[in-house]
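Among the features that Swiss-Prot reports, domain 'Glutamine amidotransferase type-1' is placed at 9-207. The active site, nucleophile annotation in Swiss-Prot covers Cys86. Residues annotated as active site in Swiss-Prot: His181, Glu183. Taken from Swiss-Prot, the feature domain 'GMPS ATP-PPase' covers 208-400, and the record attributes it to sequence analysis. Residues or ranges marked as ATP binding site by Swiss-Prot: Ser235, Gly236, Gly237, Val238, Asp239, Ser240, Ser241.
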Amino acid sequence: MTKNIHKHRILILDFGSQYTQLVARRVREIGVYCELWAWDVSEEQIREFNPSGIILSGGPESTTEANSPRAPEYVFTAGVPVLGVCYGMQTMAMQLGGQVEGSNEREFGYAQVEITTESALVRDIEDALSPAGKPLLDVWMSHGDKVTAIPADFVTVASTDTCPFAIMANEEKRFYGVQFHPEVTHTRQGQRMLERFVLDICQCEALWTPATIIEDAVERIRQQVGEDHVILGLSGGVDSSVTAMLLHRAIGKRLTCVFVDNGLLRLNEAEQVLEMFGDHFGLNIVHVAAEDRFLSALAGVDEPEAKRKIIGRVFVELFDEEACKQSEVKWLAQGTIYPDVIESAASATGKAHVIKSHHNVGGLPKEMKLGLVEPLKELFKDEVRKIGLELGLPYDMLFRHPFPGPGLGVRVLGEVKKEYCDLLRRADAIFIEELHKADLYNKVSQAFTVFLPVRSVGVMGDGRKYDWVVSLRAVETIDFMTAHWAHLPYDFLGRVSNRIINEVNGISRVVYDISGKPPATIEWE
């Protein structure tokens, strides 16, 4: 029997901060399981979850507004440690009898806080010492309102010149508030503070590791499916690949992977997926060669959202056809990860807006009557990659740049044709190959090539040619919510351009996209 890796757990209540998922990832990195819930949960739900500690996230609202979010009262009577971060500190202070006021001085960015009182939260933690010998911390602030009076049973632990209560604490009740963001890397000792809270104050044991996650997932898969057979749509992407490896470890040949080659993959990608998972790892793979079917369905369609929906629909039809041939199959596996679960919950409550539709086997017909197996649904993407490494998947595959679900269908602008896809595949392969050779691939967050359905005059030898244009795109980003275009060296771009024009017959011009996000999106469609 494996250890219960969920035994010690932290509950994070989300007040809307852009950093809230980062808080959860930091807690997981410490080795402790946590979940992220909306702030307005019931006492019954908290009791049922039985957390070892609670973190109140930051948020964009003002606690001085009458209808602003508040922590459930039970948070402060549950008898477990509580850490309030930014807005979380402000609502803690206000709900426990302190005062919060709006401020004309919005504090955003780097700040240095001076620790004036000892606290379990910052014990033996410092970045420097003040002239008076007091510990100093380099932190990241992002707030307008600030606490102007702390609750009666709290003490001031640290302050800045403009923020008198940068850290407050009630050591007896184990309540702590920080006006900065310990989860961001700009707060240099932030991870150590979170470790103090999670491991020392909440007394959690670090049981959440790649090896124990795999052991737990394998056991749970076996308990869920018993002796039944499972089917999985394998794309070769990170999530479906790790899902396949977990299921293979748990149930072996009772897993059938359906790999649909839609003709919209990268150069040699289909062959690589089949070789790795079929020949090397020994998985049972059904290969569906469906390029003609996808391209026929896409003929004459140039609107991006329509293309996405067609690609998703045809995939579902093909997968359904293959699943119906597998009479023993009782379960459908999906590579759903924790951010998908969070996003779905937000959509269900009307708190999210779909900018681009996602195509997934979640749209499979109800008449298939298959149970659902989602072994990654508790995991963030970085955790999925870590367990992928532990399972023996190659680093280059797990840390490859993101590739859209519809593939080249949204990187060929306008109508998708086989000729365009073939040209784009070869041009993109050259770009990626040169990025690796120049040691630039891992220095950018995402890089790819886009096919533009416009012709441009070129000169080749003594003759002229009238051929297609491609655009190179490379961006740097932390969270893919915002992005800067990558300032790649001119000589590198020149080398890539020359190779594409000389080696890919049919392309006469290469341009480089220098648009940031916003206003542009990272993908062109």
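Keep in mind that glycine also has a Cβ here, set from the backbone N, Cα and C atoms.
Comparing C-alpha positions, His181 (active site) sits nearest to Cys86 among the recorded positions Cys86, Ser235, Val238, Ser240, Ser241.
Under the three-state DSSP scheme, Val238 (ATP binding site) falls in the helix class. Within the same chain, residues at least six positions away from Ser241 (ATP binding site) with a Cβ under 8 Å of its Cβ are Leu234, Ser235, Phe277, Gly388, Leu393, Met397, Leu398. The ATP site is defined by Ser235, Gly236, Gly237, Val238, Asp239, Ser240, Ser241, and by the 8 Å test on Cβ atoms against their centroid, the other residues of the chain that qualify are Leu234, Val242, Thr243, Ala244, Gly335.
Of the listed recorded positions Cys86, Val238, the Cβ environment within 10 Å is emptiest of other Cβ atoms at Val238. Rounded to a whole value, the Cα-Cα separation of the residue listed as 'active site, nucleophile' and Glu183 (active site) is 11 Å.
Between the alpha carbons (Cα) of Ser240 (ATP binding site) and Glu183 (active site) lies a span of roughly 29 Å. A gap of 25 Å separates the Cα atoms of Val238 (ATP binding site) and Glu183 (active site).
The Cβ of Glu183 (active site) has Tyr19, Leu22, Val23, Arg25, Arg26, Val85, Gly190, Leu194 as same-chain neighbours under 8 Å, each 6 or more residues away in sequence. Note: Asp239 (ATP binding site) has non-local neighbours Gly335, Thr336, Ile337, Leu376, Val384, i.e. same-chain residues 6+ apart with C-beta under 8 A of its own C-beta.
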